[in-house]
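Undergrad: Sharing a structure below in structure tokens format, with a few things to ask.
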Amino acid sequence: IAHLAMYLFAEFDDAANLLAANPDATTVSIDETVEIPKNQHSRLQEPGREEDDELLGTDDSDKTELLAGQKKSAPFWTFDYYQTFFDVDTYQVLDRIKGSVFPVPGKNFVRLYIRSNPDLYGPFWICATLVFTIAVSGNLSNFFIHLGKPTYHYVPEFRKVSIAATTIYAYAWLVPLALWGFLMWRNSKVMNIVSYSFLEIVCVYGYSLFIYIPTAILWIIPQEVVRWVLMIFSLCLSGSVLVMTFWPAVRDDNRRVALVTVGTIVLLHALLSVGCLAYFFDAPEVDVPAPIIPAQNGTVITKSQ
């Protein structure tokens, strides 16, 4: 006890000497509560601001990017450079597929699923699966529609695979490239516009096409009404993912420019859906009764088709 008392008195004497040397110094008690700065407190009270700050980029995100830039990155001509684009596990891919099939209103797809680790694994295999699904389903649809006709001879159309691959991959890469360039250009014109990387945009477009894989399988059903209902349903789901993702990127821009941009995104997506249904799937033939041609002698002649 005596040693403890001597130690405490020594600490007290040191504190007294410091105060005597600097009278303007302030002391802080451990019992005092730490006050939260006003700007930090206001951000805690605004949950919607957190999403905007993360998409726009705050000081914290800038520091994170600077720290990330200190990491050694492999040259682009090496295999290790491209391996990072496919560094995802099965659970992440399935989670992103679920997010594209069941979009949550008011939630940003990039912020929830993509920004932490954008990948090309899911978009590449989704597009490849969609290409073969559309080509095979289109051939089966043509086979079932003309099945049973004596003059019909089934010939598989392998050219549909190359046409589907060109269409799907061109849409999944060229449209994101054009959109990324447009957003970069508008970002230089207008402040506070959300910035997406090219990889993030490709990732969003790739996962948004997943819903068309089961839709293309169901397009085998030889009913025109059923096909169009399925197409509209898939278009609404995948289109809503694109709208909820890219609307925050243009909503602070000119109102007309923002509406035209979102409208163009939806229009191109609708053209892809309608084009695939109209080109790769033959319309079911409707049986039309043979016309009756009256003869001059009073007999009735039925014109065969």
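Backbone N, Cα and C atoms are what each Cβ position is placed from, and that goes for glycine too.
Marked as region 'Disordered' by TrEMBL: 36-60. Here TrEMBL flags 49-59 as compositional bias 'Acidic residues'. The annotation domain 'Yip1' is assigned in TrEMBL to 101-274. Residues annotated as transmembrane segment in TrEMBL: 120-141, 161-185, 197-222, 228-250, 257-281.
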Undergrad: Grab the same-chain neighbours of the transmembrane segment (197-222) for me: Cβ-Cβ under 8 Å, and only residues 6 or more beyond its ends, written as numbers and ranges.
TA: 85, 96-97, 99-101, 109-110, 113-115, 118-120, 122-124, 126-127, 129-130, 133-134, 137, 140-141, 144-145, 168, 171-173, 175-177, 179-180, 230-231, 233-234, 237-238, 241-242, 245, 269, 273, 276-277, 281, 284
Undergrad: Let me spell it out: take the transmembrane segment (120-141), skip the flanking residues so only those 6+ beyond its ends count, and list any with a Cβ under 8 Å from a Cβ in it.
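TA: Counting only partners 6 or more residues beyond its ends, the transmembrane segment (120-141) has Cβ contacts under 8 Å with 85-86, 88, 93, 96-97, 156-157, 160-161, 164-165, 168-169, 172, 199, 202-203, 205-207, 209-210, 212-213, 216-217, 219-220, 222, 276, 280-282.
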Undergrad: Could you please provide the mean pLDDT value for the domain 'Yip1' (101-274)?
TA: 89
